[in-house]
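As recorded in TrEMBL:
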DNA_BIND  22-61  DNA-binding region
BINDING   GLY96, ALA97, GLY98, SER99, LEU100, GLY101  NAD(+) binding site
DOMAIN    85-185  domain 'CoA-binding'
Amino acid sequence: MSSENKKKEGLVPEPSLRRMPCYLAYLKLAKRRNQEFVSSTHIARDMGVDPTQVTKDLSYTSIVGKTRVGYEVNALIEVLEDFLGFTKLDKAYLFGAGSLGNALLHDHGLDQYGLKIVAAFDVDPKVIGRSIEGVPIFHVSEFEKMKDENVQVGILTVPAEFAQDVAQLMAAGGIKGIWNFTPIRIRLGDDVVVQDTSLYAHLAVMFNRMGHVKK
Ligand SMILES: NC(=O)c1ccc[n+]([C@@H]2O[C@H](COP(=O)([O-])OP(=O)(O)OC[C@H]3O[C@@H](n4cnc5c(N)ncnc54)[C@H](O)[C@@H]3O)[C@@H](O)[C@H]2O)c1
């Protein structure tokens, strides 16, 4: 089965997908250090992952390593970026231009990961009509008129109490993927992918692990 088909059928396990951007960052660093080749053993050692896991993760892409030398750094960067969809720029709308929304609007890293915020929506008269990093902010009621089939990604950064309603509005307006930063479990039909993301979840894990570190 081709890697494209595997991806379509959702056979790539989530932990593998989550590790791939880390491999990419590692490889970009290797490139800056003028390294031409890198082996899965080296990636594994430097990233603290099992070598067989690295090989397995990379096998979901089309790349094959060369015996003894490993993977060509440039080629692997290209393959990973393409596989993860980072080469084509997806347009996104942001809902909630508050503290977190602002931070995301200022994050230049998103472009490198294939996401470009083209407009933001809010209800606060203090921000409506302004631009942040060149991204215009509209009243959320304008979204209906601005429906665009080329914008299928929505970033949800509104207060928790409005999250479900705004998510429904997004879905009704043709948004197919919601990057949900709110702590609310969004309920929508199967035609919309909702990806929850929480800094605090990782903080909780860190605190828990710190409690188990030997003193
Ligand atoms: N996932 C994370 O790691 C993480 C981190 C910080 C905050 N959050 C969550 O992100 C959300 C935003 O947090 P914040 O600190 O930026 O809050 P904030 O109050 O600074 O910003 C929220 C913005 O949403 C706007 N808003 C309110 N109702 C709206 C609506 N119906 N449509 C569009 N915009 C609307 C507000 O006017 C405000 O500008 C919260 O749900 C918070 O819990 C998550």
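Using N, Cα and C of the backbone, Cβ positions are placed for all residues, glycine too.
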**Prompt:** Where else in the chain does the DNA-binding region (22-61) make close Cβ contacts, counting only residues six or more beyond its ends and a cut-off under 8 Å?
**Reply:** 3, 6-7, 12, 16, 69-74, 76-77, 79-81, 83-84, 86
**Message:** I want to verify one value. Collapsing DSSP to three states, which class is ALA97 (NAD(+) binding site)?
**Reply:** coil
**Prompt:** Of these binding-site residues, GLY96, GLY98, GLY101, which scores lowest on Cβ atoms within 10 Å?
**Reply:** GLY98
**Prompt:** What number of additional C-beta atoms lies within 10 angstroms of the C-beta atom of SER99 (NAD(+) binding site)?
**Reply:** 8
**Item:** Under 8 Å by Cβ from ALA97 (NAD(+) binding site), counting only residues of that chain that are 6 or more apart
**Value:** LEU105, ALA120, PHE121, ASP122, ASP124, VAL127, ILE132, ILE137, THR157
**Cβ atoms near LEU100 (NAD(+) binding site) (within 10 Å, other residues, all chains)** = 16
**Request:** For the recorded NAD(+) site formed by GLY96, ALA97, GLY98, SER99, LEU100, GLY101, name the remaining residues of the chain with Cβ within 8 Å of the site's Cβ center, in chain order.
**Result:** LEU94, ASN102, ALA103, LEU104, ASP122, THR157, VAL158
